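Here's the structure, in structure tokens; my notes come after.
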Amino acid sequence: MASPNQQGDSPSSLSSTSVDWRRRILIPTILAGAAGGGVGLVSKHRKVYGLANISATYATNFAIVTGCYCGAREFVTATRKNGPDDLLNSAIAGFGTGAILGRLQGGQFGAYRYSLIFAVVGTAVDFAALKLRPKLPDFSESMFDKSSSLKLPEWSPIQVLDEEALAAKRAREEKLYGQRKALNKEES
């Protein structure tokens, strides 16, 4: 087997590929696990099996399914030698992953059913991610200021005041406090 440098690949391109691989498999798997835990929190089975058990079960199952699907999608992408944004990769990976996991879960009929569900849902999620990816930098710019801290929107009732605005606010509060104190003296 030839080393990567003999094939003409540079070490930097290999490291960027591994970073992309982690981004396309690891992050969705972790997010799906978190979403599964959230689904477990609102599940109707939480009273029977216990909140912690059902949340852990859902989180594990979501993470396993997402990890299998994303891994199969990467395998199909590498086999077909095309870019990661091809939706046909998602459909093929969904059929394969659904067939394998469905066969384990529900026999031959389960394999058909799960493969169709995984192909449709996986492709739909990948399509939505492709459409939302260009909008994500704008969203992150609107949420974070230059110092990487969260920025409140302009319409928020909570505002961070500068020194002048803070002094004006204190003056208004002192004036209102004085008026209220005067009204209380008149009533007594």
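Including glycine, each Cβ sits where the backbone N, Cα and C put it.
The feature transmembrane segment is assigned by TrEMBL to 25-43 (among others).
Per TrEMBL, the feature transmembrane segment maps to 87-105 (among others). Same-chain neighbours of the transmembrane segment (87-105): 65, 68-69, 72-73, 75-77, 80, 111-123, 126-127, 130, counting only residues six or more beyond its ends whose CB sits under 8 Å from a CB of the stretch.
What TrEMBL lists as transmembrane segment is 111-130 (among others).
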Using a Cβ cut-off under 8 Å, which residues of the same chain at least 6 positions beyond either end of the transmembrane segment (25-43) come close to it? 51, 54-63, 65-67, 70-71, 74
